[in-house]
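Worksheet: the structure to be examined is printed underneath.
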């Protein structure tokens, strides 16, 4: 059968082109998503700051949940959530590290954001945006930095600046430099210039005492550099044994099932891993890539399976005569299945292999775009390994084999004489099994839609893809009944509108409902998926923008041009004539720990710290009062409160941005969580658990005269009025939407290509039918007229069915996220989708038909 499969493939190269292209693009899409996941799992940034340090210890970078099995023993699961802020380690840990065999020296490291100010008060750009850090000179050897000019700082008013930053600022030894830090802007004497200048970050070195003040966490450090003459991995293992660290858990905060979370151990890095230690953003970027690639990869596999199955089904439908003839001359059902299975294996392997390199290129491009938009560090390079390509090859081959076996199933179940009779005409109506399966998928999709409306927030938004896939599969299985129903409703009107072309199109569609269903299905998928994903983004984006605009009542927003605003700026702002209220805001993230659907769940939330009373801010408080937001308390959005299952007066389990566990009491519930964040905490509580220890912005209420005075508060301060602040906020939200639509756009493009592919295959396979129409008197123009009406009917059915799938999906997402079942739909996008559907249907039908209608009809019939 393998030799026969080779022979049939060689003889059917042109008819197999559609299946080949479907598999090629499917493999490319799966490879691209897999590359995102592998880059997230194995990607790293170059080691610069710790280049001379064999072993680096930092605080934990992730939180993970620990559950209990039936024996009540703790069992760790793989669910992890990255921390939003850098964590710290106790200074006393250095004593224990020095006792480890093989450790020769331990160097504590303090890292904190600072800004070197130019003469006009602006921040001097670092080697990378926002990557200028302060350190104690005692830790310069970790790179190592060495003096190129001058001497080390000896007093609290002295600094050493790295060569690259000094060159950009135009500074030399002996001059005065202004540096913005946790306690405000201070002038320092530059006593030395140090090299090398790094490409990923810039450094300002202080004395040990002054660095500890600016670091702001007494008795703690950012990291430890460990030196020893032996193998770094051996030292790492010895440290893990000494401290009782499980290597696979060393970078995580463990959360207990009951009571307070367990204390975390440090993360230990050697070799290429050290880049993660010096760049906390790399860890968050890796988690983003894994989540993005994983979610898109799952959708991509389902879409690819759907598209490939439809393509193979159409291809097998077009070879009914060939299979019937093989049955008539004695081929057994097993032989037919073996032949088509071997064909599919050969085609699947070849086409999937051809899609690997384009998939790698697409994955590289995606990582590059994410890096260009600042969502991943600039030095974060894509990782190309064999696993994504092997997965894509396996998925493509398995999908091809299963699709071929399923498509040929009916032809092998009837007797040979019946097979010849069926091959001469359109197959009978589908069986009861297909109807029941279609109704099951319809019920599952409807049930998931109802479930999405009963849960809140992120869970509802993430369910959109699953709802669409289930309902589209239902539409594909129920396609013949769907087409017949559509023809019954609109056929009479179409036949009366065009008594020749329309009448023939309706008659042809009625008798070939199965073939038309194969053509309509990918169009339904494109419309439903594009509508649901695009408008889910616009619905969430519009609700976010509306809440932010309605909730911001400030006349001015004061922002930092550097790492943050020190406390003195807020004090000065409150003293400005014309100012009646100031609210300090710190943006951060927290991790919530709660039960969802009977399972322990960790989830990251956008959070912010604020001072009370809150001036210029209306969070739409539904219960409790924000004025009580002091000490260890929290205010939650109504969506977050629903996830936690709490109300005012209850306690919730949270991890602050640096992993510190807290159990605050809920004092208020508010409605504008999308616009501002789902968790509001006291400003003083948040400030001590961020990397900068500074305020991100001030909301200022004041009269028209206050604006100019606020601009003179100090250097590195930007004052925006309400209109400019709204524009900046909208730009940030557009970036987030762009990332999601960029990745989803690849899937939509793949679906569009499959639509064209399927329509071209269906049209090209009707060459003999068109030739017979011409032999009985139909002109080329009349045949094309029939096809125009068919294309219009196909597009109309797809638009109605696709919209019927997208609308309830969007209603579920909108209700779960915003509390309203009315989604935000942009008319121009709807018109664009409709125009694209019509354009694809007409172009992919008429262009191949023109080619098929060339030549003599008699030759086509004989062929």
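Positions of Cβ are set from backbone N, Cα and C atoms, glycine also.
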Per TrEMBL record, range annotated transmembrane segment [choices 289-315, 316-342, 559-585]: 289-315
Residue counts (helix, strand, coil, in that order) that DSSP gives for the domain 'ABC3 transporter permease C-terminal' (296-413): 93 helix, 0 strand, 25 coil
Beyond the flanks of the transmembrane segment (435-455) by at least 6 residues, Cβ under 8 Å: 463-464, 466-467, 470-471, 473-474, 476-478, 481, 805, 808-809, 811-813, 815-816, 821
Proximity verdict for the transmembrane segment (379-403) and the transmembrane segment (516-536), three or more C-beta pairs under 8 Å: no
